[in-house]
Amino acid sequence: MSSSTASSGNTAGSVGTSNLQNTNPCPFPPFYLLVECPSSLSPGSNMCTSRGASNCKQCLAVHPSCAWCSQQDFGPKEASTSRCDLKANLLAAGCALQELEFPVSSLEVVEDRPLSSKASSGKDVIQMQPQQLHLKLRPDDPKKFIVQVRQVEDYPVDLYYLMDLSNSMKDDLNRLRTLGNDLAGNMSLITSNLRMGFGAFVDKTLSPYMYMTPMEALKNPCYSIQNTCWPQFGFKHVLTLTDQLNRFTEEVKKQQVSRNRDSPEGGFDAIIQVAACKEKIGWRQEASHLLVFTTDATTHTALDGRLAGIVLPSDGQCYLNNENMYEKSTTMDYPSLARLTEKLSESNINLIFAVTKGVVPLYRNYSELIPGTVVGMLADDSGNVIELIQEAYKKIRSKVELELIGVPEYLSLSFNATCMNNEFIRGVRSCSGLTVGDTVSFSVEVLARGCPKEKRHTFMLKPVGFKNALQITVDFQCECGCEAQAEPSSPICSQGNGTYVCGTCQCYPGRLGTRCECSENNYLASEQDNCSPEPGAPICSGRGECVCGQCSCHSRDYGKIYGKYCQCDDVSCPLYQGRLCAGNGVCDCGRCSCKPGWTGDNCNCSTLAESCMSSLGLLCSGRGQCVCGTCDCTQPGAYGNTCERCPTCPDACTLKNDGDDEDENAAPAMTKADVCCSRDCVECKHFKRGRLYDDSSCTRICKDETEVVEMLGEEAQVITVTPDLRVFGSSALQHRNAAGSQS
């Protein structure tokens with residue numbers, strides 16, 4: 001464990017002309033504490049003085065560059081003197097350094113153990129660095145840091161096989177009985193530390209989900225189809241995760257199918273129990289958790305239980321009885337997707353939907369809503385389940401995605417990713433295309449959007465499916481230290497007419513002035529000169545009253561008027577689609593102050609790039625730029641939401657010989673490189689072997705549709721049609737000769 005501290009310098013330079021903006025011109029250093037550069041400011045009025053802050057707390061809320069001087073004899077005693085200004089200005093005006101209130105955001109690394117390279121034993125494996133941070137945040141003064149994540153080699157794996165045992169899965173169960181040992185053997189090639197378990201589900205044992213008549217159907221749901229099967233059940237845990245892999249096959253051989261009445265199954269009930277019952281299932285803390293969910297049917301979700309009169313929502317708790325059966329199956333509703341996601345995240349479980357062709361689209365939709373989930377198409381008899389699980393595991397290990405746990409609404413986090421080959425992707429918190437042992441990094445910016453009631457909050461940042469997490473504790477820097485020395489009824493405030501705090505008098509009702517020396521009912525007309533920015537200008541900008549030489553701004557039902565001369569308000573900003581600052585910022589004296597992730601005069605431009613990522617994980621498919629969250633396709637001919645369509649663009653397998661004078665409208669001829677690449681893609685897609693299969697680049701490289709046939713005649717034409725409708729042609733004989741020359 002190590003500890004180091006980095007503070008946001010934020011030392012004020014000179015004064016800005018209208019407001020303060022952090023230009024941040026300096027590059028980030030290579031280590032994970034990112035130093036922030038101070039703003040470049042020029043002399044003149046600035047936001048700190050123009051907002052008319054009357055006390056220290058108001059001043060600090062104006063802008064992170066504003067400081068407050070609590071020195072009693074600071075400056076002249078006229079009302080025009082502002083104790084709220086840039087730090088450099090206050091020091092130049094004679095304020096002692098020790099009398100300044102100027103909190104800055106800071107970061108302390110509490111725990112920072114290095115990343116592990118291998119995990120044979122699974123003990124003390126570190127896949128995320130650092131592990132614990134302590135932030136002190138002043139509102140609107142962000143802190144940045146970098147986290148690194150590594151997919152450690154030979155990491156322990158816990159694989160739990162959750163199977164639908166409804167009658168339609170009978171052939172799948174028979175096939176699994178013969179594949180159990182092969183499954184264990186193949187998974188042992190992935191990790192030297194493997195444990196396997198087994199569970200089964202059907203559906204709730206209530207009408208309308210089960211057969212209630214005749215009476216024989218209660219014990220044998222297959223009675224009406226002249227067969228014998230087990231009574232229906234909700235979920236049963238069969239085999240606790242064990243390293244005695246032969247027991248997996250033994251337990252599978254003991255199982256029999258059952259039968260339920262309706263098509264959807266109760267699989268989500270089972271998933272919740274597998275995730276919640278950690279001790280009974282046997283999930284290890286130091287292991288990757290894989291949950292293989294196999295079915296050929298759709299599934300019930302929240303509110304479906306009302307068909308049986310069940311109104312109690314799923315609470316995500318463990319309810320396995322002594323016989324390892326789900327005892328709340330008939331009294332608790334099916335879980336929602338949100339509940340499912342929550343429990344899978346808590347238990348660091350990666351879910352693999354191994355489902356048959358007819359329901360693949362449905363479960364793909366589910367997977368988009370549940371982080372860390374992949375979908376594989378299961379053969380009708382589950383004959384490809386071993387290959388499916390291996391592919392799914394590779395896909396899971398090829399991606400790192402960060403998730404946030406317990407982040408309050410008044411904290412804003414923004415991300416940038418540095419993925420493979422140092423590819424920098426702005427606005428995303430995931431990297432794909434990884435192999436085991438790769439390391440990626442994410443820069444994270446944390447910003448407090450205000451001062452909450454709680455002074456401290458802790459949240460977590462973790463990769464989906466990983467045990468390791470970064471714990472971040474935030475202390476909010478919203479108070480002034482000088483407030484602790486407040487003097488009620490102080491003699492400094494005109495014989496006790498106010499409370500002296502932080503160098504100023506907070507006057508009691510009916511009193512005004514820098515030292516509460518003025519009564520609201522008695523003031524000189526000449527004092528109105530202090531209520532105009534220049535001779536002849538409207539008093540208090542026409543939006544306030546001059547009382548004792550100070551502007552008292554009018555109040556109104558909408559918005560707030562403020563400033564020394566009531567010159568500012570929080571509603572005179574550009575509208576976008578009828579919303580002030582597009583709803584993505586705060587109006588401050590006529591200018592939009594945008595929230596993190598947004599920019600532009602009216603805050604309508606998103607700086608996040610997630611909406612620009614193609615299905616292959618490329619920003620605008622590598623054919624454009626992400627502008628305001630939308631792809632601007634720069635390569636001629638490219639179009640689509642992510643520039644994914646481009647009839648004239650070459651792909652990774654399309655090469656042209658230099659110097660060829662071809663008709664630009666003619667289809668490109670198939671080259672030697674095309675044939676070679678096509679062979680690699682066929683090997684990868686259909687035979688699961690070859691260089692593209694080994695380096696997991698099949699999806700990125702092989703964009704062409706391929707079809708397996710028995711034989712092509714020598715005069716047959718080999719046609720390759722790409723997704724963007726480009727056509728390549730050659731004879732089968734030419735194709736075979738070309739392919740043979742590459743062998």
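Each Cβ is built from the backbone N, Cα and C atoms, and glycine gets one as well.
Annotations in TrEMBL come from automatic prediction, not curation.
What TrEMBL lists as domain 'PSI' is 47-96.
Residues or ranges marked as disulfide bond by TrEMBL: C48-C480 (among others). Following the DSSP three-state reduction, the secondary structure of C48 (disulfide bond) is helix. Cβ-based neighbour count (10 Å, all protein chains) for C48 (disulfide bond) stands at 28.
The domain 'Integrin beta subunit VWA' annotation in TrEMBL covers 55-480.
If you take the C-beta of C66 (disulfide bond) and look for same-chain residues 6 or more apart in sequence within under 8 angstroms, you find M47, C48, A53, C59, L60, C84, D85, L86. Residues annotated as disulfide bond in TrEMBL: C56-C66 (among others).
Sequence annotations record features per position, and here TrEMBL assigns disulfide bond to C419-C431 (among others). Reduced to three states, the DSSP call for C419 (disulfide bond) is coil.
Positions annotated as disulfide bond by TrEMBL: C502-C540 (among others). Taken residue by residue with DSSP, C540 (disulfide bond) is part of a helix. All protein chains shown were included, and the count of other CB atoms within 10 Å of the CB of C540 (disulfide bond) stands at 25.
Positions annotated as disulfide bond by TrEMBL: C507-C516 (among others). C507 (disulfide bond): 22 other CB atoms within 10 A of its CB, across all protein chains. Taken residue by residue with DSSP, C507 (disulfide bond) is part of a strand.
When Cβ atoms from all protein chains are considered, those within 10 Å of C518 (disulfide bond) total 23, not counting its own. When secondary structure is read from DSSP and collapsed to three states, C518 (disulfide bond) falls in the strand class. According to TrEMBL, the disulfide bond annotation covers C518-C531 (among others).
Counting only residues at least six positions away in the same chain, the Cβ atoms of G52, C531, I539, C540, G544, E545, G563, K564, Y565, C566 sit under 8 Å from the Cβ of C551 (disulfide bond). Here TrEMBL flags C546-C551 (among others) as disulfide bond.
TrEMBL lists C589-C620 (among others) with the feature disulfide bond. In the three-state DSSP classification, C589 (disulfide bond) falls within coil.
Taken from TrEMBL, the feature disulfide bond covers C605-C612 (among others). Spatially close to C612 (disulfide bond) yet at least six residues away along the chain are L619, C620, C626, G629, T630, C631, T642, judged by Cβ distances under 8 angstroms. The DSSP secondary structure for C612 (disulfide bond) is helix.
Cβ-based neighbour count (10 Å, all protein chains) for C631 (disulfide bond) stands at 25. According to DSSP, C631 (disulfide bond) sits within a strand segment. Feature annotation from TrEMBL assigns disulfide bond to C626-C631 (among others).
Take the CB of C628 (disulfide bond) and look out to 10 A: across all protein chains shown you find 15 other CB atoms. According to TrEMBL, the feature disulfide bond maps to C628-C698 (among others).
In the three-state DSSP reading, C684 (disulfide bond) counts as helix. Taken from TrEMBL, the feature disulfide bond applies to C653-C684 (among others).
Across the domain 'PSI' (47-96), the model assigns an average pLDDT of 83. Inclusion criterion for the disulfide-bonded residues C431, C507, C518, C546, C605, C628: a C-alpha placed within 10 angstroms of the C-alpha of C56 (disulfide bond); this criterion is met by none of them. For C589 (disulfide bond), the Cβ neighbour count at a 10 Å cut-off comes to 18, with all displayed protein chains included. When the disulfide-bonded residues C502, C589, C605, C628, C684 are compared by Cα distance to C480 (disulfide bond), the shortest distance belongs to C502. Nearest neighbour of C502 (disulfide bond) by Cα distance, taken over the disulfide-bonded residues C431, C518, C605: C518.
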